[in-house]
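Worksheet for the structure shown next.
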Amino acid sequence: MTTVVFIILLAIFATSLYGAGGTTMDPCLESMKTASLPDLPYAYDALEPAISEEIMRLHHQKHHQTYVTQYNKALNSLRSAMADGDHSSVVKLQSLIKFNGGGHVNHAIFWKNLAPVHEGGGKPPHDPLSSAIDAHFGSLEGLIQKMNAEGTAVQGSGWVWLGLDRELKRLVVETTANQDPLVTKGTHFVPLIGIDVWEHAYYPQYKNARAEYLKNIWSVINWKYAADVFEKHSRDLDTN
Amino acid sequence: MIVAVTASSSFLSCSPLLLPCQGPNRRLQWRRNDKRRLATKVAVSGVITAGFELKPPPYPLDALEPHMSRETLDYHWGKHHRTYVENLNKQIVGTDLDTLSLEEVVLLSYNRGNMLPAFNNAAQAWNHEFFWESIQPGGGGKPTGDLLRLIERDFGSFEEFLERFKSAAASNFGSGWTWLAYKANRLEVANAVNPLPTEEDKKLVIVKTPNAVNPLVWDYSPLLTIDTWEHAYYLDFENRRPEYINTFMEKLVSWETVSTRLEAARVRATQREQEGTDTEDEENPDDEEPEVYLDSDIDVSEVD
């Protein structure tokens with residue numbers, strides 16, 4: 001009797017694996033994790049006056065949330081397309097995944113790149129990042145000037161980054177267009193600091209004065225996060 | 001003395017420094033904001049700047065309320081557009097680009113997609129002037145006459161066109177513009193002329209462009225544009241771009257202007273066809289040097 005029950009249960013389990021359409025579904029896809037909007041590690045007004053509460057609310061609750069929602073929607077569509085062997089749709093979905101997934105990835109880093117002044121925002125980085133910055137850019141001020149110049153020069157929407165090139169073991173300043181993550185500029189690039197220069201990142205407060213926004217944001221940049229990431233990767237590099 | 005270069009070779013062989021660079025059948029559409037070569041401005045500092053002017057919109061800055069606020073016009077026209085014009089002037093003063101019309105600067109600096117530094121400012125100056133003229137107080141509604149007929153022919157119905165246009169504008173990721181353009185007998189491939197043009201080939205198309213790019217660079221005739229850079233709608237609509245697009249189509253678009261532009265575009269297409277049958281100019285990359293004419297009678301800015 002228990003054998004029969006067991007067989008029935010096994011049959012039910014097998015059927016659920018195969019799904020109604022009779023296609024085989026990789027269990028990995030079934031349990032594919034979708035994205036979710038991370039909480040801000042600080043209050044919406046905590047970055048004033050560098051970045052206004054109005055901007056933080058819109059940026060987090062509307063823009064980032066939309067990227068998350070649309071990314072999950074695209075992932076779901078991708079899952080179906082893959083299950084159906086619909087390769088045209090798989091390819092067609094790539095740009096949506098890149099836009100929205102990139103938006104999610106970039107903004108998740110961005111919130112960690114910022115901190116209220118009373119929690120260390122604006123405080124210069126510790127070693128080894130500090131020495132690396134001096135070695136590559138002359139000084140912290142030199143780095144900031146370079147990033148501000150590059151960020152101001154971005155045409156349209158994009159990001160300006162301080163990154164670590166793990167392969168060549170050096171710091172890089174890069175810009176990416178739209179929501180392209182830093183890794184699109186180099187497979188071995190690790191983002192340390194990313195600054196959003198899409199207009200939505202500064203418009204309600206600074207209007208067209210992007211240079212002003214870039215000048216002020218450094219007072220709330222969380223160097224500790226960047227220094228920790230840098231240290232972790234430097235350690236990994238040294239042990240290779 | 002003006003140097004006119006007639007190139008039977010490809011566009012690429014036209015150096016930006018030789019003016020003007022006209023491929024076969026390339027005709028300028030817009031003579032607005034022509035350079036008046038003698039009217040160089042001398043700024044307060046005594047520096048001579050090039051002569052492009054910031055044209056005001058054809059209505060007062062608050063005339064589009066409540067659909068597009070005065071504040072938006074103050075920043076969008078008064079700061080963004082103005083900055084493009086001023087920076088363009090600074091960028092090209094004293095160079096060969098300085099004597100050209102705005103459209104010529106756009107076309108030359110596009111450089112087949114490998115844009116020269118002046119392109120961003122020039123194209124954005126052109127795009128914004130075109131944008132302000134695409135809308136009007138009390139705009140919206142439906143087009144009429146030939147324009148409506150063509151829309152119905154090429155999109156099925158006005159409603160279908162509307163949906164496609166709005167969808168294109170909403171899905172143009174990042175910064176850019178969405179256009180209704182008259183393609184005439186241009187092929188999809190840039191700069192290619194249709195060897196067997198028919199009436200059916202002359203059609204309306206919706207195109208999305210990134211950043212500063214506009215359909216002039218493909219030799220299409222732009223008829224209507226909506227600016228979907230965030231600065232165009234953020235003060236009035238925040239992140240709600242679809243709402244901005246709806247408002248634009250329902251309350252702002254000037255179908256009258258679009259109709260006028262269509263008429264001009266069709267005339268131009270017909271003229272171009274007639275010239276096309278006269279010349280044997282086919283694009284031929286592997287060929288001879290461009291012929292150079294020196295002729296003081298040819299005034300480039302009056303070519304039509």
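Each residue's number is its place along the chain shown, starting with 1.
Glycine is treated like the rest: Cβ placed from N, Cα and C.
Bear in mind that TrEMBL entries carry predicted annotations, made automatically and left uncurated.
Residues or ranges marked as Mn(2+) binding site in TrEMBL: A:HIS59, A:HIS107, A:ASP196, A:HIS200. Within the same chain, residues at least six positions away from A:HIS59 (Mn(2+) binding site) with a Cβ under 8 Å of its Cβ are A:HIS107, A:ASP196, A:HIS200, A:ALA201.
Confidence over the domain 'Manganese/iron superoxide dismutase N-terminal' (A:36-115), given as mean pLDDT on the 0 to 100 scale, stands at 98. The domain 'Manganese/iron superoxide dismutase N-terminal' annotation in TrEMBL covers A:36-115.
The annotation domain 'Manganese/iron superoxide dismutase C-terminal' is assigned in TrEMBL to A:126-227.
The signal peptide annotation in TrEMBL covers A:1-22.
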Within 10 Å of the Cβ of A:ASP196 (Mn(2+) binding site), how many other Cβ atoms are there?
24
Hey, what's the Cβ neighbour count for A:HIS200 (Mn(2+) binding site) at 10 Å?
18
Members of the binding-site residues set A:HIS59, A:HIS107, A:ASP196 whose C-beta sits under 8 angstroms from chain B
none
With an 8 Å cut-off on Cβ distance to the A:HIS59, A:HIS107, A:ASP196, A:HIS200 Cβ center, who else from the chain surrounds the Mn(2+) site?
A:HIS60, A:HIS63, A:HIS64, A:PHE110, A:TRP198, A:ALA201
Indicate whether A:ASP196 (Mn(2+) binding site) is helix, strand or coil by DSSP.
strand
DSSP on the domain 'Manganese/iron superoxide dismutase N-terminal' (A:36-115): how many residues come out helix, how many strand, how many coil?
58 helix, 1 strand, 21 coil
